[in-house]
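**Q** According to TrEMBL:
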{"type": "DOMAIN", "residues": "105-179", "note": "domain 'Pus10 THUMP'"}
{"type": "DOMAIN", "residues": "195-437", "note": "domain 'Pus10-like C-terminal'"}
{"type": "ACT_SITE", "residues": "Asp262", "note": "active site, nucleophile"}
{"type": "BINDING", "residues": "Tyr330, Tyr402", "note": "substrate binding site"}
Amino acid sequence: MLALLDKSKKILEEYTLCDYCLGRQFSNLATGTTNKDRGISIKLVLAMSSTVEKEQVDIELLQNLSKTGAIFAKKTLKKLGFTPEETQKCFLCEGKIEELEELLQEIIEEINEYEFESFLIGSVLDNNFYVKENEIKDKFGLHGTEYLKQEFNREIGKKISKKTNKRTEFNTPDIIIECNPFSSKIVEVKIRSAYIYGRYNKYIRTIPQTHWDCRNCKGKGCEKCNFTGKNYAESVEELMAKTVLEVTKGEKAVLHGSGREDIDVRMLGSGRPFVLEVKKPRIRKIDLKKLEEQINEEAKNKIKVNNLRISSKKEVVKIKTKSQQLSKKYKAIVEFKNDVSDEIIRKIEEILKDITLNQKTPTRVKHRRADIIRKKKVHEVKCKRIDEKHIEAIITCEGGTYVKELISGDEGRTEPSFTEIAKNSAECIELDVLEIEE
Ligand SMILES: [Zn+2]
């Protein structure tokens, strides 16, 4: 105990420290208190001990305490007939810990326009504050103690919490406020995205899942894309985003699908799982049932969403990785070059039962995907004749299977295929996803 007081006395001989900054040097001692209280307690005990010996009052110590603003030291000095030293600025925080009002106003104004439940303060300090604090720590052998940055984070956090009634959260805060307490300025405000899970249906064969930047201008807008910056006027993503951004007052919405269907493929059944990420939402508490109705009304006959619920960034990763393992059921209308016999139709069903395909990356997507061989399982194919050259095939297979190529064979890049088995050139002329496994 004496060591602690002795150290503090020596620190104050060289540095003027406020209650917070002195207390912080011993923040590893005693829990359930604050650095400010630690600082005051140490100073008070020092002031008391300086006057224990009536004949030998430690005036120097009292003056050092007086410099830090300790009222009891000033009063004691006066009583003893001395003029107490003026209060000086704290060597570490320059008194800023007690002068946060301007910054707090700035922060409140900035975050007021966002709906949030939790936040986190990150104060940004110049390097010289670390240098100064390390100087003290090294000189007096103070280890494992906090730095000024944490003190600011906590003090600003406590005050913002009191003013807004919201809580500090370390893992996934809705808002992160980076600020500089010395300039009383905000450095950056980061708003956590909102995530909405659901499943979507797509009823038309002309829209992609997400918006595609125009290849010519890369989204800037040119004559080729009619200055829209896009290849397609609409997408599943944009049809949802329109309503969602209106409701959440967010900046941008990004659709993360569990796999994707081609533009000309419809998505039927209970729909494809997705997570819609809303960037910088101003509103977070959303009536999802109502949102669902609004989207479905707005995008009627094009897409439909169902089962909306609040989701997370984690789920985005999950649905993306899971997509490859989920089995999918398709309906394909297949056209053969020459007439196809019942015998051949049975043969297709027989051979394509519980088989593993070797699929090289299709020619049509080779320009944007790695050219590798994928092994994909086909569980079952059920065929129904339409006429001499056409059949309807219900295909159940693993996620990520290129179904159009399973039919055409893609010039031998997919093996086996309808074309190979029938020895008759086959082509998928219409495709629907009927079901994606839950
Ligand atoms: Zn200080």
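Cβ coordinates come from backbone N, Cα and C, glycine included.
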**Q** Tell me, if you would, which residue among Asp262, Tyr330, Tyr402 (recorded positions) has the fewest other CB atoms within 10 Å in the structure shown?
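**A** Lowest Cβ count within 10 Å among the recorded positions (Asp262, Tyr330, Tyr402) is Asp262.
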**Q** Taking DSSP states H, G and I as helix and E and B as strand, how many residues of the domain 'Pus10 THUMP' (105-179) are helix, strand and coil?
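**A** Final tally across the stretch: 38 helix, 13 strand, 24 coil.
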**Q** Over the domain 'Pus10-like C-terminal' (195-437), work out the mean pLDDT and round it to an integer.
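**A** Here the mean pLDDT over the domain 'Pus10-like C-terminal' (195-437) amounts to 94.
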**Q** How big is the Cα-to-Cα gap, in Å, between Tyr402 (substrate binding site) and Asp262 (active site, nucleophile)?
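**A** About 10 Å separate the Cα atoms of these two residues.
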**Q** Cα distance, Asp262 (active site, nucleophile) to Tyr330 (substrate binding site), nearest Å?
**A** 13
